[in-house]
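S.K.: Feature annotation from TrEMBL assigns domain 'FAD/NAD(P)-binding' to A:7-327. What TrEMBL lists as disulfide bond is A:43-A:48. Annotation comment: TrEMBL describes A:52, A:147, A:148, A:149, A:312, A:318, A:319, A:320, A:321 as FAD binding site. For A:183, A:184, A:185, A:186, A:187, A:188, A:189, A:190, A:206, A:272, the entry in TrEMBL reads NAD(+) binding site. Annotation comment: TrEMBL describes A:346-454 as domain 'Pyridine nucleotide-disulphide oxidoreductase dimerisation'. Taken from TrEMBL, the feature active site, proton acceptor covers A:443.
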């Protein structure tokens, strides 16, 4: 059996793991990374990137389809478009593949050794990897667990046949005629809306009283309106019960307790994600857990000396950029720098139509801490939004009433995902309303809405 | 629309004034009938003042810590309808302009914003050491410059610089807007004492906090001053072997009925005191030194000093002489709960004739209890612990507990004090005697 030793071993080459390895490599740490699949993890292979590719394709298709109906206010008309989903998926795979090799290249450039295979802990310092060429034992001074998360399966709707996970949905070769989506969270709605735009007849089944329940109702209202405009039926307070015997429908218990059937040739289950804590020998090292997640401190250290954990396996929010920030921090700690987690905000983006961005505290959370001021600026009063046919939505700024420190920023609207950068920056820098109001925001952009929202909170918005 | 003035109601028997300890509302608040407006404290209990009407707060007539006479106006409300004040009559102006005695000058609602929000609690005022950074007229502070629990405000680059330098940002004052810490603040902090800052995260703290002594704390302070300045204390410490008592207590708790409380040591001590007082009734007295009279009470009302989140209070188990051990235990539990949750009444917090104080849970081998004026004796319970005792031939482990007891030496001689404690000792060491009539 082959054996190698290193200073740092990273298990999992998702966004957390590969960033950790690259940064460690840059800092001259002797680093090995183990990955059974392709580099990039969920995010790059079956998550963020491919889903956004598909969402973009669906948006383009819907735009053209809209023009084909002769309804475009832009005065453009085209003949009916045709979608070849197989080709779309191939294009998407091309992007993923380019990024895969990009990550592999970056790891190599940073001097990181990549081992392909499935890693299993033997003890707190030793990992055994099943590779194509046999077993490989890796001994490391420090190990970083970055095993990520996987879609949650429902026992009464196991994946297979017409029941698909988000991963499967990104690899469909044809648009389903009727698609039932179980779970009205952000993954379900992002994909459900994309398939609806591509021509699928979509029904969303959500057990809670409303979709996107982690956001406040004011923020999600434009999305709910758009769901209706896209012809997506949303069943809230409804529970999925199973697959019909013929396998052509989803059995549902509606909000009023009645049984219903939702005809579907594909049933997409997006009820959440769970940390991957099995299959790699967690039992061999017996780490303290925080619920189903690995318990970590503010340096991402687990309960065992020399073992760190980062990313989805350590808890919410399960977001790639949180994992990346943790990965970078851990690499620097391993290299001997003084670091600890002191981030003020982890912005979250939901790529529905319109898009949602949140950073920092919601108005409710902020209110719990004391008196607040809220400034809300609608895109209906924003020139750039009008020229893009995207007047629905707004930017909302939440600040402390006494010193105007900005506590949270939210936006809903077309293309607002790109505003996440300035929202995150404002919070991380400790901006006050006056700082945002006093920053020149380029005209004509939707970003002006951010400045106006701050001005509104200060009581002197200029354009409303 | 009219105005309604709320006067401080009579909050308890024979009380002429009360201390304002908390405002629950501020100027501009809309209140409904029964909304709690304020809390005042009499010499024992805290009483909430509810609003008798719906309306908007226009004026608050006292600050936290002020002593307010019963019947003084404390709140002025804008109400629908006529209210109880005719604005034309000039009475409102009179109220605003001529506050009742002991009230501070009320702040009109048109004053600066700060006047609109009286502090809900006695907020600590931080006095700062001289400024260290170049200030532009802004107050600059050193030491812990922000309220506890509030995160320091700084950009990521500043946070990184601080971490690299081993500086705890919580100790650094921010000279920027909203107290934001900039690079120059870090440099100033380092320049002030690099050896301190760099040492081991041990930062020097020059902050001085001025905390107004109000509410219960003030009552405790006054009471203790009175006790210690008036009463010449004598303290007597004796150790007691409670091994047998602990065995009995365990047995009783094991066999106890569902409707009975779990017994602590306290009920046994109370019963022992009742028996000892039967022999020495002068210990159960209140000494009115001004009149030169000792009021020797027949009823034994035992105060139990209890620590609560807001401070020391002394709920009273009334007529301990008429309660059996279970009853004593149940009453102690009930009163302790009421004291902790702040729901104990004035009556439950007054009228004791002798007091027990216990710091046993905290350890310590002896204390010097302060007599609960105008009583003449207090029994202090120290921690029970297993100690090796010499039985004449060998050391054996025994459960030992000290009692530290103080007496008013003006009326209780050392000899009497010792007799009293020795009697309690005998009873507790042979607990069957407690039950023998």
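Cβ coordinates are placed from backbone N, Cα and C, and glycine is handled just like the others.
Caution: TrEMBL annotation is automatic and unverified by curators.
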S.K.: Counting every protein chain present, what is the number of Cβ atoms, excluding its own, within 10 Å of the Cβ of residue A:183 (NAD(+) binding site)?
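M.R.: A count of 25.
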S.K.: Can you check what DSSP calls residue A:52 (FAD binding site), collapsed to helix, strand or coil?
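M.R.: Residue A:52 (FAD binding site) sits in a helix per DSSP.
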S.K.: Find the shortest Cα-Cα separation between residue A:321 (FAD binding site) and the recorded positions A:43, A:183, A:185, and name the residue that gives it.
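M.R.: Sorting the recorded positions by distance from residue A:321 (FAD binding site), the top entry is A:43.
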S.K.: If I take the alpha carbons of residue A:183 (NAD(+) binding site) and residue A:48 (disulfide bond), what is the distance between them in whole Å?
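M.R.: On Cα coordinates alone, these residues lie 18 Å apart.
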S.K.: Whole number in angstrom, please: the longest C-alpha to C-alpha distance across A:183, A:184, A:185, A:186, A:187, A:188, A:189, A:190, A:206, A:272 for NAD(+).
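M.R.: Across A:183, A:184, A:185, A:186, A:187, A:188, A:189, A:190, A:206, A:272, the widest Cα separation comes out at 14 Å.
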S.K.: Among A:52, A:147, A:148, A:149, A:312, A:318, A:319, A:320, A:321, recorded FAD binders, what is the largest CA to CA distance in Å?
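M.R.: Max span of the FAD binding residues, Cα based, is 23 Å.
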S.K.: Most Cβ neighbours within 10 Å: which of the binding-site residues A:187, A:319 is it?
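M.R.: Ranked by Cβ atoms within 10 Å, first place goes to A:187.
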S.K.: Limited to the domain 'FAD/NAD(P)-binding' (A:7-327), I'd like the whole-number average of pLDDT.
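M.R.: The answer is 95, the mean pLDDT of the model over that range.
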S.K.: Around the recorded NAD(+) site, report the further residues of that chain (criterion: Cβ within 8 Å of the mean position of the Cβ atoms of A:183, A:184, A:185, A:186, A:187, A:188, A:189, A:190, A:206, A:272; site residues excluded), sequence-ordered.
M.R.: A:181, A:192, A:204, A:211, A:212, A:270, A:271
S.K.: Let's check the environment of residue A:189 (NAD(+) binding site): how many other CB atoms sit within 10 Å of its CB?
M.R.: 30
S.K.: Hey, how far is residue A:189 (NAD(+) binding site) from the residue listed as 'active site, proton acceptor', Cα to Cα, in Å?
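M.R.: About 32 Å separates the two Cα atoms.
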S.K.: Which residues, sitting 6 or more apart from residue A:52 (FAD binding site) on the same chain, put a CB under 8 Å from its CB?
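M.R.: Expected: A:351.
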S.K.: Taking only same-chain residues 6+ apart in sequence, whose CB is under 8 Å from that of residue A:312 (FAD binding site), what do you get?
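M.R.: Residues satisfying the criterion: A:14, A:16, A:42, A:148, A:149, A:273, A:275, A:276, A:318, A:323.
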S.K.: Given the recorded positions A:43, A:48, A:443, which one's Cα is the least distant from that of residue A:187 (NAD(+) binding site)?
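M.R.: Smallest Cα separation from residue A:187 (NAD(+) binding site) among A:43, A:48, A:443: A:48.
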S.K.: Taking Cα atoms as reference points, which of the recorded positions A:43, A:48, A:206 is nearest to residue A:443 (active site, proton acceptor)?
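M.R.: Checked the recorded positions A:43, A:48, A:206; minimum Cα distance to residue A:443 (active site, proton acceptor) goes to A:48.
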S.K.: Going by a 10 angstroms cut-off between Cβ atoms, which of the binding-site residues A:148, A:185 has the sparsest surroundings?
M.R.: A:185
S.K.: From the Cα of residue A:185 (NAD(+) binding site) across to the Cα of residue A:48 (disulfide bond), what is the distance in angstrom?
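M.R.: Their Cα atoms are separated by 15 Å.
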S.K.: Cα of residue A:185 (NAD(+) binding site) to Cα of residue A:43 (disulfide bond): how many Å, rounded?
M.R.: 17
